[in-house]
Amino acid sequence: MKKEKAIVVFSGGQDSTTCLLWALKEFEEVETVTFHYNQRHSQEVEVAKSIAEKLGVKNHLLDMSLLNQLAPNALTRNDIEIEVKDGELPSTFVPGRNLVFLSFASILAYQIGARHIITGVCETDFSGYPDCRDEFVKSCNVTVNLAMEKPFVIHTPLMWLNKAETWKLADELGALDFVKNNTLTCYNGIIADGCGECPACHLRSKGYEEYMVMKGERA
């Protein structure tokens, strides 16, 4: 364990919760930051707060409602249908979201004396979001370091993991059931197994079933 401080970009979903559990194993002191941008499932904020409390971690909540105004899409508006069309970005793409989140997480890290910033983005289950790519995160890391003259390190523990491997990591951290039962991934705001219909639920459940097969608990 590194005797350093870290901050986790935290939504209360499967990926960011797994990253938080990973960070708690890796760093002596960990805090979280959650962004409220009037997202489609607003209970995300409450779920993040609840999980942070259960794990004994401080949660910072930042009001990013301007993002909703700037980037209306299916993730921020209930009247926009969730859909994925061939050759186009998904309707849930929020332009610049991770750029904004990592920038503000870095500012907060500067203020609280944290060198390490953790985010749950990944390329393997790439949903078509350009700001989930490894090259974007590395570029952002260089930018925030130059902007604040600090040696921040942005960690992406899930970058090269698919959903089955993300479940495996949660299991290795001793928290498979915790992640399965407490996190909110569903675009329709249903905790744990979700609605079973939206793209996020399909990806989550498919990964879980694949991991159960890998583990030998499914035929």
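Note that Cβ sites are derived from N, Cα and C of the backbone, with glycine treated the same way.
Marked as ATP binding site by Swiss-Prot on the basis of experimental evidence: Phe10, Ser11, Gly12, Gly13, Gln14, Asp15, Ser16, Thr17, Thr18, Cys19, Leu20. What Swiss-Prot lists as Zn(2+) binding site is Cys186, Cys195, Cys198, Cys201.
Sequence features, as recorded in Swiss-Prot, placed on the structure.
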| residue | record | CB count, 10 Å |
| --- | --- | --- |
| Phe10 | ATP binding site | 31 |
| Gly12 | ATP binding site | 26 |
| Gln14 | ATP binding site | 26 |
| Ser16 | ATP binding site | 24 |
| Thr18 | ATP binding site | 27 |
| Leu20 | ATP binding site | 27 |
| Cys186 | Zn(2+) binding site | 22 |
| Cys195 | Zn(2+) binding site | 13 |
| Cys198 | Zn(2+) binding site | 21 |
| Cys201 | Zn(2+) binding site | 18 |
By CA distance, which of the binding-site residues (Cys195, Cys198, Cys201) lies nearest to Leu20 (ATP binding site)?
Cys201
Cβ-centroid neighbourhood (8 Å) of the Zn(2+) site, Cys186, Cys195, Cys198, Cys201 excluded
Thr185, Tyr187, Asn188, Ile190, Gly194, Gly196, Glu197, Pro199, Ala200, His202
